[in-house]
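Here the structure is laid out as structure tokens; the discussion comes afterwards.
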């Protein structure tokens, strides 16, 4: 059996970048994690991304069968994600040049996010191979769920996403809810959508012993016997950090002597975002002495944050799945999350955590108080959370994705030749 070779496209963020700040987040974790598992299954994966510094080198050999290829497209620094559409042609040209010079032939293209999808669409027509596309987020959904004052996604992005829905051979989504979103907002054909739940690294993210928890808290400078809430992710309005901080202020207004701490682990994302904005918010709310801000951490260190926490809060305005919620549960920590997007699948309400309707800080304070004050229920949820997370692994996700690639390759054999032979003037 011949080895399958996949060209993944992730133009706006490298899967090797530290998640939790800038444009690096759950998508980075998704791409590198599932690509590693595909490589271990014998699938060769090349991930094309835009070079952001000269020291990166053209090719990074991550492990056997997995490479990250850095393509120069525009200046290394100074371009925001919103400006990257100006470099799509340069990036596509760089991918084509690299593949030609190194005699690369691929079986399937898999693009991630709408910017990469535009490049993938072009490459599909050029290479005459099928395109699998994963949106990760959708403009129409983000706009429908955005918070007051948050920036609206552009109509140009929505149009590009519509083009990808209409032209990709297979669309991969995380949950059935995402399928519904594609059908509702983009008139997608549900038969062209494959649902593959992401996973968590359950070998790394494991429940710690009491000694692990105490050691983690000592390293973080947190008292051993206080109640701890953690927020992990980019500090941007859409992720809802302000919701959590205002909920904490509400809890302390009700009971100023409540013994608790909050860990905010992540960096700013977006042109106007700064950590100082949230630090100043804690000061204005009178809770600065209860909140500790941490820089983004690699997974090997992040597990200690999850283990140090009694509860992990995910107050996002939308999540296609919620990898932070799954990592926290794999670590044995219950989650309080917004009932949006894929979070009701990632978190089992009343069993592995609590889902909150809406983003009212008072409602969040109620939910957090109830869980923090009920030690037996919280401990029971922690045990159930580990069992639940065990059903979501990257190995299982990669097995399903490899099957999708096989289906796409068969589609190419059966249909793509006639389609392109009949009319390449469509491009």
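Note: Cβ is positioned from N, Cα and C throughout, glycine not excepted.
Values in this document were obtained by computation on a predicted structure and should not be read as measured data.
Here Swiss-Prot flags 12, 23, 24, 25, 26, 27, 28, 81, 113, 137, 157 as 1D-myo-inositol 3-phosphate binding site. DSSP classifies residue 12 (1D-myo-inositol 3-phosphate binding site) as coil under the three-state reduction.
Long-range Cβ contacts of residue 319 (UDP-N-acetyl-alpha-D-glucosamine binding site) within its own chain (separation 6+, distance under 8 Å): 26, 325, 338, 340, 341, 342, 343, 346. Among the features that Swiss-Prot reports, UDP-N-acetyl-alpha-D-glucosamine binding site is placed at 18, 19, 26, 234, 239, 297, 319, 327.
As annotated by Swiss-Prot, Mg(2+) binding site applies to 306, 307, 309, 333. Here the Cβ of residue 306 (Mg(2+) binding site) has 26 other Cβ atoms within 10 Å, regardless of which shown protein chain they belong to. DSSP gives residue 306 (Mg(2+) binding site) a helix state.
A separation of roughly 13 Å, to the nearest angstrom, links the Cα atoms of residue 234 (UDP-N-acetyl-alpha-D-glucosamine binding site) and residue 28 (1D-myo-inositol 3-phosphate binding site).
Using a 10 Å Cβ-Cβ cutoff, residue 157 (1D-myo-inositol 3-phosphate binding site) registers 19 neighbours.
When the binding-site residues 12, 28, 113, 306, 309, 333 are screened for a C-alpha within 10 angstroms of the C-alpha of residue 327 (UDP-N-acetyl-alpha-D-glucosamine binding site), the residues that qualify, in sequence order, are 306, 333. Within 8 Å of the centroid defined by the CB atoms of 306, 307, 309, 333, the record's Mg(2+) site, lie the Cβ atoms of 208, 213, 216, 230, 303, 305, 308, 310, 312, 328, 331, 332, excluding the listed residues themselves. Of all the binding-site residues in the list 18, 113, 297, the shortest Cα-Cα distance to residue 333 (Mg(2+) binding site) is found for 297. DSSP assigns residue 113 (1D-myo-inositol 3-phosphate binding site) to a helix.
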